[in-house]
Amino acid sequence: MNALLTNPFKERLRKGEVQIGLWLSSTTSYMAEIAATSGYDWLLIDGEHAPNTIQDLYHQLQAVAPYASQPVIRPVEGSKSLIKQVLDIGAQTLLIPMVDTADQARQVSSATRYPPYGERGVGASVARAARWGRIENYMAQVNDSLCLLVQVESKTALDNLDEILDVEGIDGVFIGPADLSASLGYPDNAGHPEVQRIIETSIRRIRAAGKAAGFLAVAPDMAQQCLAWGANFVAVGVDTMLYSDALDQRLAMFKSGKNGPRIKGSY
């Protein structure tokens, strides 16, 4: 199979294009495929807070593969062994949570790349990523098609942001609003003026360094604000929250005293 590996999500980030995404926390390929038919530019398949196994992630990658929406996998953490598994099942774009230092960023970057550029384990002949050995020259071309995003979501990470941005192999930095606001002393309050100020300056610093800047904002006005600050990959909802809100709104039409939607600034 003489196939050229491409990553449309990464290519659009390189061009500075804005990409609108959706968070998938439902853990099912059925819901993932429904989301893929909606036309979002990218879909974050969450393995950090949603109870996704490697097989769950694999099945969701299969479900969205026929569609234009680009999958982004967030594993529960950035260990070398877990990154190897996620890449082998076919993920091309990773979002690694809780990256606090440049050393962590370098370790993550190394784990995504084959030698001599990194230390990813070699197993293309048994991996979906290489179509079980049928993609010719897979190891020679895969590094260029991988997109590595890291999450900055603590005060420590903010203090080290410039050093993280300098790490080779990091394509973008995602600001995690929920954990960041808690780390700054404002738990469950990403809308606090001080948190908002830090989010704005961080997004601008990321873009000034030539990297992509990402954010999750379930409130439309917050999403628009982040786009105005320069964020260029923004998730504007979470599937489980949208589903529960839709259920609540429908029930409220027929039963008095029921609550309406609960959309907030963070999840």
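Each residue, glycine too, has its Cβ placed from N, Cα and C.
Around H49 (active site, proton acceptor), the same-chain residues six or more apart in sequence whose CB sits under 8 Å from its CB are S25, listed in sequence order. In the three-state DSSP classification, H49 (active site, proton acceptor) falls within coil. The active site, proton acceptor annotation in Swiss-Prot covers H49 and is backed by sequence analysis.
Residues annotated as substrate binding site in Swiss-Prot, with sequence analysis given as evidence: Q151, A178, D179. DSSP gives Q151 (substrate binding site) a strand state.
In the shown protein chains, 22 other C-beta atoms lie within 10 A of the C-beta of E153 (Mg(2+) binding site). The Mg(2+) binding site annotation in Swiss-Prot covers E153, D179.
The site 'Transition state stabilizer' annotation in Swiss-Prot covers R74, and the record cites sequence analysis as its basis. According to its DSSP assignment, R74 (site 'Transition state stabilizer') is in a strand. Cβ neighbour count for R74 (site 'Transition state stabilizer'): 26 (other Cβ atoms within 10 Å of its Cβ, all protein chains included).
Annotation source Swiss-Prot lists site 'Increases basicity of active site His' at D88. Within its own chain, D88 (site 'Increases basicity of active site His') has G123, V126, A127, R128, A129 as residues 6 or more apart in sequence whose C-beta sits under 8 angstroms from its own. D88 (site 'Increases basicity of active site His') carries a helical DSSP state (H, G or I).
The substrate-binding residues named in the record, Q151, A178, D179, extend over a maximum Cα to Cα distance of 12 Å. A Cβ within 8 Å of the Cβ centre of Q151, A178, D179, the residues given for substrate, is found for these other residues of the same chain: P97, M98, E153, S154, G176, P177, L180. Sequence-distant neighbours of D179 (substrate binding site) (same chain, 6+ residues apart, CB-CB distance under 8 A): M98, E153, S154.
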